[in-house]
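According to Swiss-Prot:
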type	residues	note
BINDING	284, 335, 464	Zn(2+) binding site
REGION	191-487	region 'Catalytic'
């Protein structure tokens, strides 16, 4: 479902960090001239530009950015050189944030450097405490834009004062800047929060809790369509669907190790009589309980368990972002219990499942990452033999099946290495879509076993399998990719019937009923409004097909069809139309 970008917008733009870092100095130089009592914070280059933090005497309005830009351009035209200077005489008066950084670097014994913007006469226009990384002259700074204002706590600590952060971006060429500004506007149009609200897909309420999404009718239609495909594929690949409680006793997560490793992202326990119940952040411990509910034989393995699970994870309120970052989420989770000799076959089986799943949703894999541990003994379970065995097994599987991959040290789960399938979204973000995680640890912690052919008790291995991440994040990605214009089979707004006037409503309901009986997402707009208004609203709500019913259609027992995004209508009989949309649904168009 990777919708191609417009020919006019290039999301693969390049941002030069040295150019942007120098532009941040230019911004600070202009600010100091315009607001002499300002206090300077940091001004680094970032992924898509730069920012600089300031403490102003009075609040800064966005309208003032144009005035600041104007002075920046004037300074840039002076061909100021960026020169490393001796900072021994640097005046820290009214510069508490610079002084704090200076003292910190000095205490650590780190190199301290200063850079100045110097005019053609050798006069220092602006000097800053800085580690370097610049272009040699402001003559390179011709195409930049100050983009926005934001609040930012000093050093990222909410206990500190909130400074004013000015964001901007700088490019060498005019067309590069123009393209980037188009990217920003396109991102606004693709904001899943805006689209989701406008199309009635989801909502939030402070009364139901921050970060707890409410799925509306259209959102549930999308979610159920996705879920239907996932459930079918799970059955196809041999999974047994189970359902486990939303809570776990605190001792469960102590035993699993999750409380020790993920306590900051888990909700606090709820004391009920003599129990401490925690909203579950994952289902793997619950699935181990299911495995251990009965004696197991080697003949039963692999045992594949899947669940459409509701999870709860604590996110700070500032990190919550629409459906993308929430505190409760639905996840299609899978856990497979296997024998040692089944590792290769089962991991390959899961690779095939992931590839088939992503193909259905037309999602292209950007790259595969083999995530391994690093030397952090606190971050990862300390058992060298286990790790070496697990990591070499996954590497061998990828190599033998000629699957290209990159190695990412330190990105493994605390209990074992993993294979991550990375996807590039239409907004050029790389995200982990699917994962296969090999786990030698949890089965040991819970002392689960199976009876081997020789009658001995053996410990199974466990594979954690993720297909599409959470439904919340997946739908947010689909909204961004499609701008809400879903492919027909996934659309919550497949067909709407629009009678032109009252006298055609009976025939319109007849059409509606026949389409509804074929299990399509169909609506009827029988309001006493003009047909033009009905069509306009149907287009806004992205109905894939609008069926217009008037005198001619009623007399000829036909329908007039207008497709989303098109002006012309096509007349056909209802049976042919139903066959057409059945074909679209079945072929996943």
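Glycine too: its Cβ is placed from the backbone N, Cα and C atoms.
For residue 284 (Zn(2+) binding site), the number of other Cβ atoms no farther than 10 Å from its own Cβ, over all displayed protein chains, is 19. Sorted by the number of other CB atoms within 10 A, the binding-site residues 335, 464 start with 464, the lowest. For the Zn(2+) site, the Cβ centre of 284, 335, 464 serves as reference, and the other residues of the chain with Cβ at most 8 Å from it are 282, 283, 287, 333, 334, 437, 439, 442, 462, 463, 465.
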